[in-house]
There are 4 protein chains.
Amino acid sequence: MPLTTDQQQEIEAARAAEGRTRRPVAPGLEALLYQAVPVLDHGFVRVIDYMGDDAAVVQAARVSYGRGTRAANEDRGLIRYLMRHRHSTPFEMCEIKFHVKLPIFIARQWIRHRTANVNEYSARYSILDREFYIPAPEQLAAQSTANRQGRGEVLAGEEAARVLDLLRGDAMQTYDHYAWMLNEDADGTPLDPGRQGLARELARMNLTLNTYTQWYWKTNLHNLFHFLALRSDTHAQYEIRVYADAMLEMVKAWVPACHEAFVDYRMGAATFSAGMLGVVRRLLAGEAVEQPGSGLSKREWRELMETLGRPVA
Amino acid sequence: MPLTTDQQQEIEAARAAEGRTRRPVAPGLEALLYQAVPVLDHGFVRVIDYMGDDAAVVQAARVSYGRGTRAANEDRGLIRYLMRHRHSTPFEMCEIKFHVKLPIFIARQWIRHRTANVNEYSARYSILDREFYIPAPEQLAAQSTANRQGRGEVLAGEEAARVLDLLRGDAMQTYDHYAWMLNEDADGTPLDPGRQGLARELARMNLTLNTYTQWYWKTNLHNLFHFLALRSDTHAQYEIRVYADAMLEMVKAWVPACHEAFVDYRMGAATFSAGMLGVVRRLLAGEAVEQPGSGLSKREWRELMETLGRPVA
Amino acid sequence: MPLTTDQQQEIEAARAAEGRTRRPVAPGLEALLYQAVPVLDHGFVRVIDYMGDDAAVVQAARVSYGRGTRAANEDRGLIRYLMRHRHSTPFEMCEIKFHVKLPIFIARQWIRHRTANVNEYSARYSILDREFYIPAPEQLAAQSTANRQGRGEVLAGEEAARVLDLLRGDAMQTYDHYAWMLNEDADGTPLDPGRQGLARELARMNLTLNTYTQWYWKTNLHNLFHFLALRSDTHAQYEIRVYADAMLEMVKAWVPACHEAFVDYRMGAATFSAGMLGVVRRLLAGEAVEQPGSGLSKREWRELMETLGRPVA
Amino acid sequence: MPLTTDQQQEIEAARAAEGRTRRPVAPGLEALLYQAVPVLDHGFVRVIDYMGDDAAVVQAARVSYGRGTRAANEDRGLIRYLMRHRHSTPFEMCEIKFHVKLPIFIARQWIRHRTANVNEYSARYSILDREFYIPAPEQLAAQSTANRQGRGEVLAGEEAARVLDLLRGDAMQTYDHYAWMLNEDADGTPLDPGRQGLARELARMNLTLNTYTQWYWKTNLHNLFHFLALRSDTHAQYEIRVYADAMLEMVKAWVPACHEAFVDYRMGAATFSAGMLGVVRRLLAGEAVEQPGSGLSKREWRELMETLGRPVA
């Protein structure tokens, strides 16, 4: 469980305090607000705040004066149209803020998404907790042989056990040395008054990349969908995908019509080049197209056949 | 009055509909929500939605789990510290969305601020209203002789009257021709069934730059402060400054502690170069520094003296 | 011809001055550098500067120390792979700067692309030239009846003639009044010493939206491709598409391998939702799928059939 | 020495290959191009490419057709004016691309500057080198007692020796275990054919934060100045400041007039709030102002007195 009792109580207090507002309210997300959804062994993601709902997207697309009186069905149709045709600006009108606890090596991947606002817990200023990510045995995968950037079979037996021992041992040892170098307790009191203690901004360099950090991460719905399309995808690294999957559920509770359109038109969607499209048309016309005469490279042909559910042997 | 009765009723309906939320609520801004504050002759600005409050800035700076139990005074102190030392990321954690009606030539200035989300009423898709900005007589200024980018004395007499006539006449004539070229009423029905009507995306080019447009404009508090620092300033063009001034009042109602820090540390603040700072130190030490021996150019010297309240004759 | 003799001479002088550099050089683009390609009746686009070439994209993807010794063919393959799989960051490593002269209503569309650096000629500070866009007769299209945001047939006869007269007449009249209100010649000397002249920042509001402006516009190759994918497309308004088309030719001269990959994988590409993909698979399997049992809406079905070259009657 | 012989040869080859260009050339930077300037124990920074020069800033501010015929002195004056008055867009017209090798914990600080293009060496795809940052003895500072985010005295004797041993020992051990878990040599051949080897994307998590990474980092001159103002500053962490200092020298070679203006107006500059400015005016008028009657808090008063060179005892 990633939260201390104090933290859990702060969250409960925040959840208990309701107020009145004239702003749009998304009931589904209100129900989840502030709650930490566990991810990995010590991480979590939780929604801290949000702005807007499905109707706000519609309202922005129409630059209207009020929430309008259109049928919900018309709104859904417009949202689907906007998503299908990549009209992105109305989706930028909704905003969401997450609090995320995550391993540093995943934070480094995540931060590549530049169009977000971030406040990270500072190890220059504060002391990090003694928490590291250790993969569950079923996630201890070998390097893929087909893909330089992917995983293959799960490790087993001796090798798996040894890997887990090394990860755990090194993380604990480097953390203990970090703590020794700092020479201070949580209040900043020296542990050993005979020593000065290394500056926090230096000592942190001894930690391993699976140490947990945390941040506030705020973005708009359009940029969030871009993040989710890349990270809630089978090609994404498992350790970031589990965060994306949890966030996608929160999006569903927040803006159900946008979520539905996203799932229908972007998850599982495939882009065909003009050349691939030509092959599809020829196939539909009954022609027996083969790679050599297709105008596609072998690699493109293989990708196309996989997309069409006809994987090349 | 910039709003139709229908629009006013939509706004009243939105104001009347209150809901419950677990999110932070800013009571001062709730009171103003949706209301259109008139700006210029036909424009307005109104807040459509917001996220966060003063405490959200503090919370982000601390990456905390709850709203905390610190004294309000401590929060205010931290906000002032963050503002003074340009720690900008915590201010990015608050977001606000405006609906603005403004003349096109001002919209062109405004849009230079790129770090915002915008949905503008589309004259490619829809028909613009017959509304133009005509300056009030006291705003009809001559070109400044001192500053190529500024205003001098107010025009008077014949010239002023003629300018107003020209502005009004040209705007009305070009709009009438726009309407004739479109050849359609509000529902898209041809006015003259014998004509086809020019495409909207073309006809709009006949409008003058003082025609009103409108948009939804959403930004975070940090970027908004940057906008306000530049536009709610005596060097800004009057026609954009009045919008910035109205928005600054809304910020005050929304995040009073941030607003206070902004006014204290950024409005009316002055930046001194290392060279200027050296001159100030010498002056404070009682030295009778003059421009020639100051190390500053004549222009820099004049700027410094003005900032110090000792304008050069 | 959009350039004065002086401007043409400045361009020739810039073209004549060659220097030596250790940087990557793109010979195809060097040949075009500084030259103004005419667009519309008075506009142009020209390349002012650039950074990088095809090899720079490859080099960034590999984070390498030199230009490498790989075969050109391998580089081309990698570029095509990056484009096909939307690995965008290597394309961000090339940068290009354009000087564009364009009508204001097109500038307003263009500026929506926020991820670029812009310096626009300031009508607050300077005086705009007496140049307006008047569509060629074959571009004088009626409003589309099928698409609220498009063009239909070309206007003809009386109506066309009248439209051109109105556009031309209004542009000239409003410009003449603009000049009268300014009351100054190019050097700032009052035309009529008995008048003060209206401030430039105000007088400009009397101009129509087809008046030409100009700017320096600088962006990276990834963002440029995004711009070109949207604007060099049949759904884009003709008046911005002609600029995009001219720029696409410059990209071809600059980074031929990237251009080829862009044309193959993004121009003319189509994205299929998971639902559409399912229909394609069923059709390929020989099933006689109709809209009612397809799981697609009528609109989606029509869009799919058009993409597959089987338009619905 | 951070470079291998191969890398050094690749750099020499790139430096030897000169071409002709019509683009602006900055001779000072050409002389430095591609050369790696050593930073810290194994890091470096080098310029890979650049666009523009001092004249390009001037040209953009004027939106001109050529390089102009103005005196160099006039250009310098305009650049200084633009810098002093924070007219940032002309500086955005110059672009520079660096190749940087740096410890991961510094890369994490650096990446907060979002307005740049980045391609980082991927430890998901490739294997990191066995290189870690170990501070020089004179950089082994204790935690500051005055500033939670700073350094105090340098550690000495036993404690210093022990810290260096721990940093070195942990980095080497975790790297060795990383290599063991990967179970592959540089070509991907298994070291021990009886094992599968852990996926690279997982094994990397065992590395410490002082491991070196590298990236291509490209930004425009305005954003670079913002980066340098924050990072080439006494409040910046030493380990990032040394990179910023090296880059500032490169900027001097590239755009000497912009560099001079930056140093004069932004380095060592101080911003005074309206309240502080009031105190300065009263002091200059000969008034004996003390903190209690100044309207400033104790903290603000102390900051002001320090800036004025009159530190409070």
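Glycine residues also receive a Cβ, built from the backbone N, Cα and C atoms like all the rest.
Given the structure is predicted, the values throughout are model-derived calculations rather than measurements.
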Additional site residue, A:ARG76, A:ARG80, A:ARG204, A:ARG266 [criterion: listed by TrEMBL with A:GLN109, A:TRP110, A:ILE111, A:ARG112, A:GLU120, A:TYR121, A:SER122, A:ALA123, A:ARG124, A:ARG231 for dUMP]
A:ARG204
Additional site residue, A:THR89, A:THR208, A:THR211, A:THR234 [criterion: listed by TrEMBL with A:ARG112, A:HIS113, A:ARG114, A:GLU120, A:ASN220, A:LEU221, A:HIS222, A:HIS226 for FAD]
A:THR89
Go through the binding-site residues A:ILE111, A:HIS113, A:ARG124, A:HIS226 for me and flag any whose C-beta is under 8 angstroms from a C-beta on chain D.
A:ILE111, A:ARG124
How long is the line from the C-alpha of A:HIS113 (FAD binding site) to the C-alpha of A:ARG124 (dUMP binding site), rounded to the nearest angstrom?
23
Spatial neighbour of A:ARG124 (dUMP binding site) that is closest, considering only the recorded positions A:THR89, A:LEU221, A:HIS226, A:ARG231 and their CA atoms
A:ARG231
Within the same chain, the residues at least 6 apart in sequence whose Cβ is under 8 angstroms from that of A:ARG231 (active site, involved in ionization of N3 of dUMP, leading to its activation) are A:TRP110, A:ILE240, A:ARG241, A:TYR243, A:ALA244
Between C-alpha atoms, which of these binding-site residues comes nearest to A:LEU221 (FAD binding site): A:GLN109, A:ILE111, A:SER122?
A:ILE111
Helix, strand or coil: which one is A:ARG124 (dUMP binding site) in, per DSSP?
coil
Consider the binding-site residues A:GLN109, A:ILE111, A:SER122 and say which one has the Cα lying nearest the Cα of A:THR89 (FAD binding site).
A:ILE111
I need the CA-to-CA distance for A:HIS226 (FAD binding site) versus A:ILE111 (dUMP binding site), whole Å please.
13
Provide the list of recorded positions among A:GLN109, A:ILE111, A:HIS113, A:LEU221, A:HIS226, A:ARG231 whose C-beta sits under 8 Å from chain B at the C-beta level, in sequence order; use 'none' for an empty result.
none
Using Cβ atoms only, which residues of the same chain lie under 8 Å from A:GLN109 (dUMP binding site) while being at least 6 residues apart in sequence?
A:GLN237, A:ILE240
